[in-house]
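According to Swiss-Prot, the protein carries these features:
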ACT_SITE  148  active site, proton donor/acceptor
ACT_SITE  175  active site, schiff-base intermediate with substrate
BINDING   50, 51, 52, 86, 217, 236, 240  3-dehydroquinate binding site
């Protein structure tokens, strides 16, 4: 029985609908660093790549961003790509762009056909989020609505409410990442993920961050999280597990759940 909801790209299931999907981040500061990182990661065959463009030093030059996005596409061996600008309020790097400039960059990249998913934060102004929804529809990309709290883990009902709000706002996928202060908070995140399956139809991506939170990256999919983020070469968030280690643990858990 499937425990997660599958992600699709242009009508095709990502990685044939396997669960969970493994996503590796690209966090290089310049073109050479991103492409070196990409070469290492592609050899490890994750199911998804996420380009964290807020780490990229050339972010203010839209043409450079688009060209690098195209090069990532050419060199990604067919692995679908998530395009993400993480804001400083949700743990990202400072970039010196207005939100209108960020959306202009998103438009240029999405219209280039170089990416499959757009990650955009629910905490953005409603008019900006509406533009992201419209862009995803226009370009046949999928919109991941995201929420990150690097300070705490909200209660179950608040996390579920965020996920419901993402669906209501027009997202295709709902993502939450929160910081635990103890093991109880990891349980809170897992419970919220399970509860969300009853409330919304979207695929959910959820994770607890930090050392405690690494547990959620290993077995969060059992509770309904469709994607686990792993380290390909460099981590983009605290608590990420190396791809090889994550894959090993997943194989053991999957065999156990099948009674093997």
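Glycine too: its Cβ is placed from the backbone N, Cα and C atoms.
Since this is a predicted model, take the numbers as computed values, not measurements.
Residue 148 (active site, proton donor/acceptor) sits 8 Å from residue 175 (active site, schiff-base intermediate with substrate), taking the C-alpha atoms as the reference points. Between the recorded positions 52, 86, 148, 175, 175 has the most other Cβ atoms inside 10 Å of its own Cβ, all protein chains included. Taking the C-alpha positions, the distance from residue 175 (active site, schiff-base intermediate with substrate) to residue 52 (3-dehydroquinate binding site) comes to 15 Å. In the three-state DSSP reading, residue 86 (3-dehydroquinate binding site) counts as coil. Comparing local CB density within 10 A for the binding-site residues 50, 51, 217, the maximum falls on 51. The Cβ of residue 240 (3-dehydroquinate binding site) has 23 neighbouring Cβ atoms from other residues within 10 Å, across all protein chains displayed. Following the DSSP three-state reduction, the secondary structure of residue 217 (3-dehydroquinate binding site) is helix.
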